[in-house]
């Protein structure tokens, strides 16, 4: 894994325009769809069980976000994972609020257990809760630092044979054979709702075209968010500027600004 590979993945995504199936929450559907489009992918928000087998037969990846979880959505998520497995597609799980309630923790663990090809993108508290440890969370927001969740991420990666992306002031990605640390992004980003959900959706887009998609998506969003925040007066303008920056992000800028450490 190196910066050149990340640059090549961005170019390939824009060329291939992969279709990403999203079962995501009501709060962020617009944000994540626009971010995927701005980057160059093709989003579809598919929540009907009747069409899921068809959708997963020709999509590139499945993103599951449990942010507005209920008894109607849960069986649909499980069925979607079954179809992703049948079609050998990657499942990207965002266990929003894992640890905040027994329901969220239980469903997140069930999905993680069921998926054959899995990436988990979460904040530190969610990762710690997924590992079965005591996490500090306030609703869906993390009170733990990303640094404190690396050990839990290693455990989760081994338990579910997956990659784990920890979002925070410093981002960490734990895979089966490596650890990565990225120091991009901006302190304003957590003040925009759904920024982590966007991170998850972009991970799904890159999962549709290559390996190590957690690292690639984290790099792209971190650099884009950093640039967008520098041009923004506050969270409102950051939302708009992020879409523009994802659309305009070029290889030279990504290469110059990326702060990546391998085997951190």
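Every residue gets a Cβ built from N, Cα and C, even glycine.
Mapped onto three states, the DSSP output places residue 45 (substrate binding site) in strand. Sequence-distant neighbours of residue 45 (substrate binding site) (same chain, six or more apart, CB under 8 Å from its CB) are 22, 23, 24, 29, 33, listed in sequence order. Residues or ranges marked as substrate binding site in Swiss-Prot (evidence: sequence analysis): 45, 194.
DSSP gives residue 167 (ATP binding site) a strand state. Around residue 167 (ATP binding site), the same-chain residues six or more apart in sequence whose CB sits under 8 Å from its CB are 121, 122, 123, 146, 196, 199, 218, listed in sequence order. According to Swiss-Prot, the feature ATP binding site maps to 121, 167, an assignment based on sequence analysis.
Cβ neighbour density within 10 Å is lowest for 194 among the binding-site residues 121, 194.
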